Structures are given as structure tokens and as C-alpha cells.
Amino acid sequence: MFELLNSHYNYFAVMLLLGIGLYMLIESRNLVKKVIGMNIFQTGIFLFFITLAFRAGGNPPIIKDGGGPYVSPLPHVLILTAIVVGVSLTAVALALIIRIYAEYGTLDEDKLKQLYYD
Amino acid sequence: MIEQIPVLLVVLPIVGGAIPLVASLVSERAGWPVATLTLVVQAGLAGLLAWTVSTSGTVSYAVGGFAAPYGIELVVDGLSGAVAVLVAVVSLGVLVYARQAGPHSGPFYGLYLLLVAGLTGMTVTGDVFNLYVFLEITGLAAYGLVASGRDASAAVAALKYLIIGTVGASLYLLGIGYLLAATGTLNMADLAEKLGSMAAYDSTLVLTGFGLMVGGLTVKVALFPLHTWQPDAYANAPDTVSAFISALVSTVSAYALARLLFSVFTVEFLAAVPTARWALVGLACVSIIAGSALAVSQDSVQRMLAYSSVSQFGLVVAGFAIATPLAVVGATVHLLGHAVMKGGLFAATGIIERKTGATTVNGYAGMGSRVPVSAFAFAVLSLAMVGVPPAVGFVGKWYIVLGAVNAENWPVVAVLLASTLLTLAYFARLVERLYFAEPTIHAEPDEAPVTDGSGQAVSFGMVAVVVVAAALAVALTAAVPELQRVLEETLPPLLNQ
């Protein structure tokens, strides 16, 4: 068990982040915390891709003399794109939250539901 | 020239969408003409592309000149050609509606064209990661459009849509990670080759990847347990936006699901892993029944139509998951037909609300004589959705059921046949109210509807859009044999059976 933890700690970190993020998304009543949970969830996925690209003894994928084995650059590129997407999603979400707060004066989901269905 | 069109279809609306943003600094009314011009060209190009595909086969374009398995490839075959035409034509049609009804700001048209770009991108891409990027572009634009309603409740609905939609897209991204780990490639055609040879179909990696990707997309398609964002988003968005996103967003996501099933995992995967097929068919069947049950219990017409989408997309996904050639053709026909019918129905609810103030099923009582043309179109579209023979709704369902019978999938056949009755249960009630009930609303709407200047709540163009949608719902039946020919020629997995 401890060996598995030692050799695969990055995957455990990914699963932990995914779990925490999803739990916050579902359980938290505060909308801002939901958005933070969404970000943690996405960060877990980003780390999953980065961890996929890793290669023991590999160099950064920058071509120079002697080079040697490189880590795969592809997931890095993909995740760069995904991070941009994540940032824009967060921006839109926060903008909506500002609008909601200005109108209803609360960010608590339960209170919002009461106001919303009245 | 022809091979450049796929990329032009994506670039054109992005460029065209930037213009209204800038132009709105100068003139508030500049958005509509620019958007119309862009989409007319877009529709022409999409038509030309679809015609080329139907006569001389698949068109592909290597973005940036990088060859296929390494670079991003845009591929258009019969299925994506048909969806690209649908996206272009429906968005042009909704634009006619938007001239009077919609928000008139420049940013609105910018977002509108961005959504068209995202949807077209999802349609033409041949790369699973690129599909994710376009999925998120579509999502971002759709969240913004839903929030463009005047009430703050639209913002609440949009935030809910954003959170659930992001989880769906993120799950899809996680699935891509699993496939990348299994095969080292992202190109759809390359994946189809490597799955099954490099990584066994029933290996944990591939199965997890399938589960996550399909699960993520079904959130976007809004199948039953994952549909909760949809009714709020459709009911709170402005009428133009509900007509637009109800017609296209889930439709293109369902197309992406079909693309994933047939071009990435292929029919062999479904045959090798019967559990995956059964899970998908089961989800679809639950969606059909639960969606209909929820639709029957709704009082608001727009929410009823939203739950009806949950049920109809169950039908489409069931057709794709059965995966016999007939069922796939049926699912495609129903997918395209549903987009026209549901878009038309939402547009009609907008008109009826503006003219009479009726938004609930009971409020619709006796409105047949108050808004004769729109109510008639509404009734025709409802019956088309139920599947009354000359309409395209009938042909789609008929093919799906025939496909299920061929596959000897009897429980599914039962659910599919029952789905027609269930659809009848909520649409017939509405049509009956429209024509055969005493009016419950007598006065004109209390507050004057939003008119933005011209002093007229409903323009000729808005009614024309609904009438054209109703006519198309019947006339599209004539195009089915041609569509079937194109699909069978260009969708390789269908030929293998």
C-alpha cells in the first residue's frame, strides 16, 4: 500500500483534487465556493494530463544538443488550451455571480431558490 | 477551393462575430445586418460543401498544413455535412426572428455568431481534443446568451447551466486523457484504428475513457438524470435564444456523441462490449419515459417543451446506440427534424406570449382564434413531433423502430412505440386546449410587450419563421431518401454491416 502510494502519489493527488472539487460543487451552498470547486476539479484534470506526459529521466521538450528522451509535449499544449478555457469559464461564472448578487443580495443557494421561485 | 470550406465555415462566423462588437460602439443597430450577411454567406458555403460531399465524397482539411495524425484535421462526411447545413440554415432563420424579438445589442450578435462558430466547429472537426475546445466555445457562448435575458433569473439559470455544463465538458476532457494514455493519438480516424489493435476494446483504460466521454456528452445532450440545467435555461432565456439553443446546442452535442460512437469507438467496439451498448440504450429509454412523464406534469409550455427535448433526445441516442444502418439513418433524420420542429415550437411560444400573454397550458385555451397563423403552425409542429405520417417526425421514428426490430431488441421496440403515445400525451393536450377549450385569458396582455421602437410586438418575419418551420417539418420528408444515400455512402461503419 505504502509502495503504491510512493510510486503513484501523483495519481492519488489527482483523484483527491477531483473528489474535493466535485464535492464542493455539489455540497457547497455558496455560489462562489461552487465556482472554486469547479476550478479545483479542473485543476485535477490538468494535473492528470501533465502526469501522463511525464517520463522518468526525460528532459523538457526543448531541442538542444544531446537532447535525450523528452517528456511528451502534447499534453502540455492541450492543457495550456484547457487552462485558457477554464479561466474564461471562471470569468463568465464570476460575472454572473456579480449580477445575481446585485439583484438578489445573496449568494446562498437555498435562499436564492426561495427568492427564485416566489 | 472546396477543401478550404470546412475551415472557412469556422473562421467566417468568428470574424463576423467580432464586427458587431466593434460596430456597436458606433451604432447600436449595426449588429443585425452584419450577422445576417455573415450567415447568408455561411449558409451558401455550407450548402456548397454538403453538395460536394454528396456528389464526390468526404472533404478533409489539414489545419496549418500539418498532416493528419499529428495536426488537427477537419473532416466533413455526409453526417457532418448535413449537420453543418442545419446549423447554418437554422441560425439564419432564428436571425430573422431576432430582428424584431431579440436583444438588439452588438454583443448579443457577437455571441450569437460565436455560438454558430462553436457549433460548426464541433460539426466539422476530426480531432477529439479540438471537439472539446469547440464544445467549450459553444458552452461559453450559450451561457452568455442565456444570461442576456432581462430578468436576473436568467443569470441564475445561466450559472446553473455553466456549472453543470462545465462538469460535463470536464468529464469529456478526462476521457480524452484516458484515450490519449491508451493510444497516444487524438485524431478520430487514427483512434478508430488504434483502439482494438493497440488497446483492447475491453481494457480498463478504453472502457473508462468511453464512460467519461459519453457521460460528459450526455450532460450536454441533456439525457434524463443529467438534464436539470435545461428547463431553467430554456424557460428563462429570451425567446430568440430559447429557439436557437433548443434547436441547435443539444442537437450538435448529440451529433458529437454519434461521431464518437461511429468514428472513434466504431460499431466493433459496441459489438465487443455489449455492456456499453446496453448502458447507453438503457439511459436513452429511461430518458424517453422520464422526459415524457415530466413534460406531462408541467404547467408552463416552455418547460414542457424543454422536458420534451429530454425525451426526444432519448429517442435519438437510442437510435444511434442500436447502430444498425436503418436505426442510424432514423436517428439522424429525427435529430435534424427535431431541431427544426423544436426551434419552431419555441419561436411560436414567443409569438403567442407576446400577442396574448399566455405562457401556461391552461392559458393556451382558446388561443387558436386569437393568433390563428401561429397557433396553426404550432399545432402542425406539435403533430409533427408526435409523428403523424407525412411529417418528418414520423419518418425518423419509423426508421429507428425498424432498426430496433431488425436488431431484435424487443424491450427497446416497446419503449420506442410507447414514446409516440407519451409524446401524444403532452402535445395532444395542448392542441386540444388551443382549439377546443373556452379561453381563460380575455384581456390583451397587461403590460405592453418589449418592442424596442417599432411599436409592434410581433413582426411579419417572426410569424414567417414559424410558418416556414412548420412547412419544413412536413417537406423535409422528401429529403430523407437522399440523406439516407449520402449517409450510407460516406459513413464507413454503416457499410460494414
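Note that Cβ sites are derived from N, Cα and C of the backbone, with glycine treated the same way.
TrEMBL has this to say about the protein:
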DOMAIN    B:126-423  domain 'NADH:quinone oxidoreductase/Mrp antiporter transmembrane'
TRANSMEM  B:6-27  transmembrane segment
TRANSMEM  B:34-54  transmembrane segment
TRANSMEM  B:74-96  transmembrane segment
TRANSMEM  B:131-149  transmembrane segment
TRANSMEM  B:161-184  transmembrane segment
TRANSMEM  B:204-229  transmembrane segment
TRANSMEM  B:241-258  transmembrane segment
TRANSMEM  B:278-301  transmembrane segment
TRANSMEM  B:313-336  transmembrane segment
TRANSMEM  B:375-400  transmembrane segment
TRANSMEM  B:412-431  transmembrane segment
TRANSMEM  B:457-480  transmembrane segment
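Sequence-remote contacts of a segment are chain residues at least 6 beyond its ends whose Cβ falls under 8 Å from one of its Cβ atoms, and for the transmembrane segment (B:74-96) they are 5-7, 9-10, 32, 35-36, 39-40, 42-43, 45-47, 49-50, 53-54, 58-61, 63, 112, 115-116, 119-120, 123-126, 188-189, 240, 243-244, 247-248, 251-252, 255, 258-259, 332, 335-336, 339-340, 343, 347, 461-462, 464-465, 468-469, 483, 486-487, 489-491. Most Cβ pairs under 8 Å with the transmembrane segment (B:161-184) belong to B:204-229, among the candidate stretches B:34-54, B:204-229, B:241-258, B:412-431. Contact check: the transmembrane segment (B:131-149) against the transmembrane segment (B:313-336) gives fewer than three Cβ pairs closer than 8 Å, residues 6 or more apart, which falls short of the contact criterion. It is B:375-400 that, among the stretches B:6-27, B:34-54, B:204-229, B:278-301, B:375-400, forms the most Cβ pairs under 8 Å with the transmembrane segment (B:313-336). Contact between the transmembrane segment (B:204-229) and the transmembrane segment (B:278-301) holds: at least three of their C-beta pairs are under 8 Å, each pair 6 or more apart in sequence. Within the chain carrying the transmembrane segment (B:6-27), a Cβ under 8 angstroms from the stretch's Cβ atoms is held by residues 34-35, 37-39, 41-42, 45-46, 49, 59-61, 63, 74-76, 84, 88, 105-107, 109-114, 116-117, 120-121, 124, all 6 or more beyond its ends. Outside the transmembrane segment (B:375-400) by six or more residues, the chain places 308, 312, 315, 318-319, 322, 326-327, 329-331, 333-338, 340-342, 344-345, 348-349, 352, 367-368, 416, 419-420, 423-424, 427-428, 430-431, 434-435, 463, 466-467, 469-470, 472-474, 476-477, 480 with a CB less than 8 A from a CB of the stretch. Outside the transmembrane segment (B:457-480) by six or more residues, the chain places 93-94, 96-97, 99-101, 329, 333, 336-337, 340-341, 343-344, 347-348, 350-351, 354-355, 373-374, 376-378, 380-381, 384, 390-395, 448-451 with a CB less than 8 A from a CB of the stretch.
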